[in-house]
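Working notes for the structure below.
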Amino acid sequence: MTGQVTTPVIEVRGLRKTYGDRVVLDDVSLSVEAGDVVCLIGSSGSGKSTLLRCLDLLEEIDDGVIGFDGREISDPLVDPREVRRSIGMVFQAYNLFPHLSVLANCTLAPRKVHGLGKAEAEARARELLERFGLGEHVEQHPDRLSGGQQQRAALVRALFTSPRLLLLDEITAALDPELVGEVLDIVRELAHGGTTMVLATHEMAFAREVATKVCFLDGGRIIESGPPEQVLVAPEQPRTREFLRRVLPQ
Amino acid sequence: MSSPAPWAPSPRELERRRTRTRQRRNRVLIATTATVVVIGGLAAAVVLSPGWPRVRESFFDGFHARKSLPAIVDGFWINVKMFLIAEPLILVIGLAIAVTRVARSPWLVPLRGLAVVYTDVVRGVPTLLLVFLFAFGIPALELQGLPDGAFFWATAALVVSYSAYVAEVFRSGIESVHPSQVLSAQALALTRGQALRHVVVPQAVRRVVPPLLNDFVSLQKDTALVASVSIFDALFTARDYANYNFNYTPYVVVACFFVAMTVPLARLCDWLAARVARRERAGAL
């Protein structure tokens, strides 16, 4: 990873986010290169989700700078919608639109935001859904599907326009263990295909397998970050060690 | 949590705040300009119209406004009283009808049928017609033990009419509560009635506050329908005055009274809704 002189996809410096008196993110710095898979780990309330939301400009930040492809996007003059066009996001609770079929969920933004024609968008969506094993559920409404299927549909929705960056917010946390695999398979495939991703996750084994970089958050700060072999296997910080002891089966 | 590090906004953040302030100021400026242009334009269109002097004379005459005011205040008190009596009754009856319609108990089947017929029929009849039927028709039956005052029966007509509308509003609210809520209430071994009472209806009521308010405002205005059965409410008083003095200013005065009554109610409901949202959705995405 060294020696490359490229602009990082995401460059965060000194990010601070508060809700009233509560400091949720405190002086967070993070750099994501193209093709990186960055896993954010840490207990609930450590700020993982908030960080992801800040990256997608869904939250107004209180200090710091977020750069995207070398441009500062935390500037109030930047149109957030323009940034979000090239970022995909998937949420823990799927957040599919219940009144639309799976197909319509996937083609909404491509048609309305990216200007694709109906036929073209639907053909491509079918192809993607087919590839992710949802071929027979294309016309169904999300609530008819299992959690794993819904989350795969949400992934297709986010992936459809080949975003420059994919943000995944604990996308397997609401799933049954047996359904986790089918979603992670897709993420693994994307990771191997070179998709740049930042994901908050509780799946340590998975993080170790796909991550190029792991960040441990605690109390709104990145306490430790580095390659998974280091952070997950031989952490330097006592707090990271303590966290891993709690979440990893002995 | 981490130790309270002494944090001071960075120069970039300060600059950003200045930008945000500037953006906010721009928005306020645009809003003000747009408002002034629209309101000013409307006002100009009215004031500069060829018939404005005559309209002002017959609709906006200060002398007649002052002279008709005391009688209108008396009349308006009847509208207010009618509204205050009808409103709680409508809420209770409307909710009862809605709950009856969603109840599943076999004992309630006949009531459920009645509730359906009630809402269908009553909503189909114009409110004005109901007022006529009730205020003139029922006293004519000469039933023993029932009051025969026009005020009583006109109010009853409003209650009957509006409880049908409000029942449907409540019912749509009840049906919009996700089935998983009923499921989890049942899982706690609550009866269906308890689930409705403690879980479904409270959520439903919160959701339907805006459409309910809509019906209330409508009811406040429809209290003026009783003028048609010669009750000396604000509108009837105004018409009386207008007919004697050939001046329509009292109508405008009455309109102002009704507006003055509905606006605070609208603000109150907005405030209530905002409070609930703050309490229940704090921090949720």
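The backbone N, Cα and C atoms fix where each Cβ goes, and this holds for glycine too.
Here's what TrEMBL has on this protein:
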type	residues	note
REGION	B:1-21	region 'Disordered'
TRANSMEM	B:28-48	transmembrane segment
DOMAIN	B:76-269	domain 'ABC transmembrane type-1'
TRANSMEM	B:82-103	transmembrane segment
TRANSMEM	B:115-138	transmembrane segment
TRANSMEM	B:150-170	transmembrane segment
TRANSMEM	B:248-269	transmembrane segment
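Sequence-distant contacts of the transmembrane segment (B:248-269) (same chain, six or more residues past either end, CB-CB distance under 8 Å): 58-61, 64-65, 68-69, 72, 76, 79-80, 83, 209-210, 213, 216-217, 220-221, 224, 234-235, 237-239, 241-242. The transmembrane segment (B:150-170) shares the most Cβ pairs under 8 Å with B:82-103, out of the stretches B:28-48, B:82-103, B:115-138. Sequence-distant contacts of the transmembrane segment (B:82-103), counting only residues of its own chain at least 6 positions beyond either end whose CB sits under 8 Å from a CB of the stretch, comprise 111-112, 115-116, 118-119, 151, 154-155, 158-159, 162-171, 174-175, 192-193, 196, 201, 216, 219-220, 223, 226, 233, 261.
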